[in-house]
Amino acid sequence: MPFCHNIINISCVKNNWSNDVRASLYSLMALIILTTLVGNLIVIVSISHFKQLHTPTNWLIHSMATVDFLLGCLVMPYSMVRSAEHCWYFGEVFCKIHTSTDIMLSSASIFHLSFISIDRYYAVCDPLRYKAKINILVVCVMIFISWSVPAVFAFGMIFLELNFKGAEEIYYKHVHCRGGCSVFFSKISGVLAFMTSFYIPGSIMLCIYYRIYLIAKEQARSINDANQKLQIGLEMKNGISQSKERKAVKTLGIVMGVFLICWCPFFVCTVIDPFLHYTIPPTLNDVLIWFGYLNSTFNPMVYAFFYPWFRKALKMILFGKIFQKDSSRCKLFLESSS
């Protein structure tokens, strides 16, 4: 049986997977990391370079892309080694730094999603006062909260060792070992992490997007009723309103679906594992962590790839046109359709 540390009686057990299995895992996780880095970097470069994209909403998306890029750059590579080897080769201090950074950036990404839902609510439901309510100052506050709260929560919990408060005996007797870097939560810290990083921002997203859907549906019905009264282009207008309603439902479904599929399994296991006496296998926990990482991989696709300006910006980046003079002033969309 292979071990992670020279002193066998205190060492974590290394997995005994074949080289082919290990190589396949490395390839898959490296692909996820590369996709995360490239997708979010394109969003960062696009919004930074093109002046037409310098809007409060886009700076919020830019900040989220930065969080997701850092997650792919600073966290995922080390998690890849830990997941493939079931060992941690980078020391106990760096384990704490890595775990804190992981929790911070993952939570910050979810916080950004929550604030973007608030932005979309005012854009759809209160368009006349949208620019007054969601200005650059408000967005700066959103960005500050999205970074600072997860940072204080993550680094405070890990470095003060609050994550296994009340379960020290279980942790040091049955979980802790040399050459490992597992994320451990007690009953209290597991519930706290679930509430802070998932339930509260997730509930905000769910309630707001459901409200947006109801209002969009009501607006589509009002347009349909007006068309029936006026009897002008009824069939065409009705088709358009139904198409818009279907598109709204599809977009909101994708947003919530990706978020829930990626993060719900991990946080549910995090909150129930202490109550099940830590019977969830570490391998399953690793898989669920990577499912959560996938949310940062998909964020550029869900929140940026759907924007009309993105395809043109992507084409200009790929063909090197952003290096041309005054390319930053290029019009990516008509002002009325932004």
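Each Cβ is built from the backbone N, Cα and C atoms, and glycine gets one as well.
Counting only same-chain residues at least 6 apart in sequence, those with a Cβ under 8 Å from the Cβ of D102 (2-phenylethylamine binding site) are L71, V75, S79, A154, V183. DSSP classifies D102 (2-phenylethylamine binding site) as helix under the three-state reduction. Per Swiss-Prot, 2-phenylethylamine binding site is recorded for D102.
Take the CB of C177 (disulfide bond) and look out to 10 A: across all protein chains shown you find 17 other CB atoms. Feature annotation from Swiss-Prot assigns disulfide bond to C4-C177 (among others); the stated evidence is similarity to another entry.
Annotation comment: Swiss-Prot describes C12-C87 (among others) as disulfide bond. Annotation note: C87 (disulfide bond) sits in a coil segment as assigned by DSSP. Counting every protein chain shown, 21 other Cβ atoms lie within 10 Å of the Cβ of C87 (disulfide bond).
Within 10 Å of the Cβ of C95 (disulfide bond) there are 18 other Cβ atoms, across all protein chains. Residues annotated as disulfide bond in Swiss-Prot, with sequence analysis given as evidence: C95-C181 (among others).
Per Swiss-Prot, N-linked glycosylation site is recorded for N9 (among others), and the stated evidence type is sequence analysis.
N16 (N-linked glycosylation site) is surrounded by 9 other CB atoms, counting those within 10 A of its CB over all protein chains shown. Summarising the annotation, Swiss-Prot assigns N-linked glycosylation site to N16 (among others).
Non-local neighbours of the topological domain 'Extracellular' (1-24) in the same chain are 84-89, 177-180; each lies 6+ residues outside the stretch with a CB under 8 Å from one of its CB atoms. The topological domain 'Extracellular' annotation in Swiss-Prot covers 1-24 (among others) and rests on sequence analysis.
In this model, the topological domain 'Cytoplasmic' (46-58) carries an average pLDDT of 90. The topological domain 'Cytoplasmic' annotation in Swiss-Prot covers 46-58 (among others).
As annotated by Swiss-Prot, topological domain 'Extracellular' applies to 80-97 (among others).
Summarised by DSSP class, the composition of the topological domain 'Cytoplasmic' (119-135) is 14 helix, 0 strand, 3 coil. What Swiss-Prot lists as topological domain 'Cytoplasmic' is 119-135 (among others), and the listing cites sequence analysis.
Within its own chain, the topological domain 'Extracellular' (157-187) is flanked in space by residues 3-5, 7, 10-12, 14, 82, 86-90, 95-96, 98-100, 102-103, 193, 270, 273-275, 278, 282, 285, 289, which lie at least six positions past its ends and keep a Cβ under 8 Å from the stretch. The topological domain 'Extracellular' annotation in Swiss-Prot covers 157-187 (among others) and is backed by sequence analysis.
What Swiss-Prot records for 209-251 (among others) is topological domain 'Cytoplasmic', and it gives sequence analysis as the kind of evidence.
The topological domain 'Extracellular' annotation in Swiss-Prot covers 273-286 (among others). Outside the topological domain 'Extracellular' (273-286), and at least 6 residues removed from its termini, the chain residues within Cβ reach (under 8 Å) are 82-83, 86, 167, 170, 174-175, 182-183, 185-187, 190, 266.
According to DSSP, the topological domain 'Cytoplasmic' (308-338) comprises 20 helix, 0 strand, 11 coil. Here Swiss-Prot flags 308-338 (among others) as topological domain 'Cytoplasmic', drawing on sequence analysis.
Long-range contacts of the transmembrane segment (25-45) within the same chain: residues 17, 61-62, 65-66, 68-69, 71-73, 76-77, 79-80, 83-84, 290, 293-294, 296-297, 299-301, 304, 310, 313-314, 317, 322, each at least 6 residues beyond the stretch ends and with a Cβ under 8 Å from a Cβ of the stretch. Taken from Swiss-Prot, the feature transmembrane segment covers 25-45 (among others).
Residues or ranges marked as transmembrane segment in Swiss-Prot (evidence: sequence analysis): 59-79 (among others).
Taken through DSSP, the topological domain 'Extracellular' (157-187) splits into 15 helix, 1 strand, 15 coil.
In terms of DSSP helix, strand and coil, the topological domain 'Extracellular' (1-24) has 9 helix, 3 strand, 12 coil. The disulfide-bonded residues recorded for this entry are C4, C95, C181, and the Cα of C4 lies nearest to that of C12 (disulfide bond). The Cα of C177 (disulfide bond) lies closest to that of C87, out of the recorded positions N16, C87, C95.
Listed by sequence, the residues of this chain that lie at least six past the ends of the topological domain 'Cytoplasmic' (119-135) yet keep a Cβ under 8 A from its Cβ atoms are 56-57, 60, 142, 208-209, 211-212, 215-216.
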